Amino acid sequence: MRVLVGVKRVIDYAVKVRVKPDKTGVVTENVQHSMNPFDEIALEEAVKMKEKKIAKEVVAISLGGPKSQEILRTALAKGADKAIHVEVPDADVSKIEPLHVAKVLQKIVDKEKFDVVFLGKQAIDDDAAQTAPLLAGLLDWPQALYASKVEKAEDGYLQVVREIDGGLDTVKVKVPTVLSADLRLNEPRYATLPNIMKAKKKPMEKLSAKDLGVNDPPVRKAGGFVEDVPILIEKLKEKGFIKA
Amino acid sequence: MLSARSLLPKVVRQSVATRFSSTLVIAEHDDAKLAPITLNTITAAQKLGSDVSVLVTGANATKIAAEVAKVAGVKKVLVAQDEKLKNNLPERVAPVVLASHKQFNFSSIVAGASAFGRSIIPRVAGKLDCSPISDVTEIHSADTFTRTQYAGNAIVKVQSLAPVKLMTFRGTSFSPAAEGGSGAVENAPAGDINTSSSEFISQELSKSERPDLTTAKIVVSGGRGVKSSENFKLIFDLADKLGAGVGASRAAVDAGFVHNDMQVGQTGKIVAPELYIAVGISGAIQHLAGMKDSKVIVAINKDPDAPIFQVADYGLKADLFKAVPEMIAAL
């Protein structure tokens, strides 16, 4: 089984983003970026599948500007065998939508015959959570989203425990399939220094692919501290949350 | 290839076609009752200014359809009742949606932004070659919408040029539709359902007598400061006194205090109750994304510098193990 893992370079989750003064987007220059946390989890699971001999090869793919290669090197250091960088000029990166990404992935899958595409459940920048189900639709493959456990079922099937609104459900999907990783699927490993060195020798293929008004959300102002519980209760009574 | 076909900054005049537009809402249910988020979605769908049809798929769809037909503003209910549609797997629901779209040519196909809606809407969008829009919080016109990005730290206004608008709506941003409708119920066109590619095995839902987190008027949430799952009883007790739903921060879920379907935040549930009480929660960006639209926020935390106090209307700097029992006693 060959697994394709999508990894996205996003503003680091700990950064407090700022909207540009001209309201066209958020400030991305000189801001710490890293691999989308959900993609790290998807990659970890794919590498684990290889370690369990379920998967034969893990290939990481990223769409984006030249700096996406740093993210791909990280993926290689964490155990991906090969990387594919689909270069998009920096100026166009902000225009890429999940549909474009899904179409690129579809082309790669058709060309290179992958059996599983493993993505994060959402990117923490655009919060769209669309690429995996879009791709499943484009390929007409089954999908198992928000995976918190992935196991091999009988030959040619994977069994996936998914995190849904009311708890968990378990589905069986036929390979080829599209999966997306949720937070609690695993604990991603760190790239060790020897692996970072080895990653430099792993192959990276380069391909190229040929209205947004952003507003600050209304700012909540801090109210103030209350002295003690009785005063808090009093305030909540005034507001009518608690029956006097 | 990367021309932004569906999002352009410039204003495009609405086409004449939208006058004959119609919206399809994909209903969510568990074969026994309609999911509340469907009612919020019907309200949002009406704001698109077109006739609203609702598609109910499932093994027990007829019963749910009768319920949906009574919702105000629903003109038509399409029913697809089939054993194959039990548990509404996206691979099986999508062909029914596509068959219905082929027959009625909807201008928008929408659902609530729940795990179900987020699974089905983009899949259909892929089939129709349209860019979907997730988690819409505001509707300006039939093609212009607002949604949030970066964990709610940026608000984006988007214009969709897609021939069909595929969207999921954030439940907490729209009021639920009331009763008082009399929609006509008819059978949906049969889709070509493939049963070999995916199969539902089982589910394990958390049982709770408490109000549903996403629709509760009051929510009490516990964080890492609660320290253990035993201590979480405090949070439950306070919630019971207030008739509140119970939530948790990611830290509390990851530490195993409570089940993960209680997680409030960017990648958990988005709640906007009248009153949100955050107990032992520091207030990371990702948590705030899930609750900062609450009407009144109360924070109880030992650390006066905790970021949660910057959004709280009432902050109480106190040890939660003292303050919460005091509150329970006072109520």
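Every residue, even glycine, has its Cβ placed from backbone N, Cα and C.
Feature list (source: TrEMBL):
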| type | residues | note |
| --- | --- | --- |
| BINDING | B:R224, B:249-250, B:263-267, B:280-287, B:N301 | FAD binding site |
| DOMAIN | B:23-204 | domain 'Electron transfer flavoprotein alpha/beta-subunit N-terminal' |
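TrEMBL feature annotations superimposed on the structure.
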residue : record           : Cβ within 10 Å
B:R224  : FAD binding site : 16
B:Q263  : FAD binding site : 27
B:Q266  : FAD binding site : 23
B:I281  : FAD binding site : 31
B:A284  : FAD binding site : 20
B:H287  : FAD binding site : 27
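Proximity to chain A (Cβ-Cβ under 8 A) holds for B:Q266 out of the binding-site residues B:R224, B:Q266, B:A284.
Model confidence over the domain 'Electron transfer flavoprotein alpha/beta-subunit N-terminal' (B:23-204) stands at 95, taken as the mean pLDDT rounded to a whole number.
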